[in-house]
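Quick look at what Swiss-Prot lists:
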- 2-16: disulfide bond (DISULFID)
- 9-21: disulfide bond (DISULFID)
- 15-29: disulfide bond (DISULFID)
- 4: site 'Important for interaction with Nav1.7/SCN9A' (SITE)
- 22: site 'Important for interaction with Nav1.7/SCN9A' (SITE)
- 24: site 'Important for interaction with Nav1.7/SCN9A' (SITE)
- 31: site 'Important for interaction with Nav1.7/SCN9A' (SITE)
């Protein structure tokens, strides 16, 4: 189950599609800039 926007994460794989794990604190899922 993937993490949604602003969800806590350890790496990009934790986040849902089009989201990436922020490299610096707080480690949350943010939009990665993609649409497809």
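Each residue, glycine too, has its Cβ placed from N, Cα and C.
A quick note: this is a predicted structure, and the numbers were derived from the prediction, not measured.
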Which recorded positions sit within 10 Å of residue 31 (site 'Important for interaction with Nav1.7/SCN9A') - Cα, from 9, 21, 24:
21
Please give me the recorded positions out of 4, 22, 24, 29 that lie within 10 Å of residue 16 (disulfide bond), comparing Cα atoms only.
4, 29
Measuring Cα to Cα, how far is residue 29 (disulfide bond) from residue 22 (site 'Important for interaction with Nav1.7/SCN9A') in Å?
6
Within 10 angstroms of the C-beta of residue 29 (disulfide bond), what count of other C-beta atoms is obtained when all protein chains are considered?
22
Determine the most Cβ-crowded residue among the recorded sites 22, 24, using a 10 Å radius around each Cβ and all protein chains in the structure.
22
